[in-house]
Amino acid sequence: MMHGNGGHGRVHPAASSSDFSGEMNQSVSAPSSDPSSSPLYSFHFEKPVPPPPPPPKAAQPGEYVVQVPKDKVFRVPPPENARLFEHYTRRAKRRRRCSCARVCACLLAALLTLAVLLAAAAGVAYLVLRPKRPAYAVQALAVSGLAGVGNASSTPATAAFSPGFAATVRADNPNGRIGVHYDGEKSLVSVSYDGVLLAGGAWPAFYQGPRNVTVFVAKAKGSGIRFSESVRGQMAAAERLRSVPFDVDVEVPVRLRIGRVRTWAVPARARCAVVVDRLAADGKVVSASCHVKVRFLSWRK
C-alpha cells in the first residue's frame with residue numbers, strides 16, 4: 001500500500017473529462033474499419049483566404065484614375081512580334097508572286113501549245129484539201145441611163161444621169177471538197193468609169209457547192225451623176241471606137257464549208273475590167289478579165 005506522500009511515485013487521478021472518456025470508450029467499444037471516422041483522427045483543412053487587394057493609389061492633383069475591367073486590358077506585344085509579322089508578310093508576298101508567275105507561265109505554255117496545234121491542223125488541212133480560188137467572169141454587161149452622154153447638143157453639160165448596170169457573172173468553184181457560202185447582205189458591187197463612181201449594188205446570196213458553176217446577175221444603180229466635159233468627150237470617143245471600159249469592183253464575205261463544218265467569214269474581193277462596144281442594154285462585152293483575192297489558207301491559183 002502506497003501513501004500519497006511517500007516515495008517518488010505519484011498517482012494521477014483518472015481523467016474526469018467525460019468527452020475524452022467517452023471518445024476512448026467509443027473507440028474501444030466500437031472499433032471502425034476507417035480510422036479517419038474517429039473523432040481522434042478528424043482533421044479540417046481550410047483554403048487560405050487570399051489577402052485583400054491593395055487599395056487604389058490615390059490620384060495626385062491634376063491626375064485621373066481610370067479603372068478598366070480586367071477582361072478589357074490588352075497586353076502590348078513585344079517588338080519581336082512585329083519583326084516576325086514583317087518576315088511572314090514578305091514570305092507570303094514572295095509565295096504569292098511565285099504563284100502568279102507560275103500561273104502566267106502555265107497559261108502562256110497552254111496558249112503556245114494551242115497555237116502550235118492550230119497551225120498544225122491548218123497545215124494538214126491545206127495539204128489535204130489543196131484549196132483554190134474561185135474564178136469569176138463577166139459574160140455580159142447591160143448599160144442603161146447613159147444614152148446621149150457624149151452628145152453635147154442633145155444633153156446640156158450640167159445634165160445629171162442615172163446609170164444602171166446589170167452584169168451577168170459566171171462563178172466557178174474548182175475545189176473538190178470545199179463549198180462557198182456568199183453573204184449578200186454585207187456585199188458591195190460598184191461600177192466606175194475612169195475613177196468616177198457611177199453605180200452601186202449588192203452581190204446575191206447563195207451557196208455554191210464543190211466543183212460547181214453558177215451564173216447569176218448582179219445589178220448596180222446610180223443617180224444624180226454629173227460628168228465633166230472632158231469625161232463626156234472620152235466616153236463619146238470610146239463609144240465611137242466600140243471600146244468603152246468600165247471597172248467592176250466586188251467585195252463579198254464568204255464562208256467555206258468542208259463537210260458539215262463552216263469556217264468564219266472572210267472577205268473575198270474581185271476587180272474586173274470590162275470593155276463593152278456601146279452604152280446600151282444590148283451591148284456586147286468585147287473583153288473582160290477578173291482578179292480575185294481571198295485571204296484564207298493562201299488560196300492557190
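One-based numbering along the chain as shown.
Heads up, the Cβ atoms here are built off N, Cα and C, so glycines get one too.
Features of the protein shown, as given by TrEMBL:
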COMPBIAS  15-26  compositional bias 'Polar residues'
COMPBIAS  48-58  compositional bias 'Pro residues'
DOMAIN    168-272  domain 'Late embryogenesis abundant protein LEA-2 subgroup'
REGION    1-61  region 'Disordered'
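Taken together, the residues in the domain 'Late embryogenesis abundant protein LEA-2 subgroup' (168-272) have a mean pLDDT of 91 on the 0 to 100 scale. When the domain 'Late embryogenesis abundant protein LEA-2 subgroup' (168-272) is classified with DSSP, helix, strand and coil residues number 12 helix, 60 strand, 33 coil.
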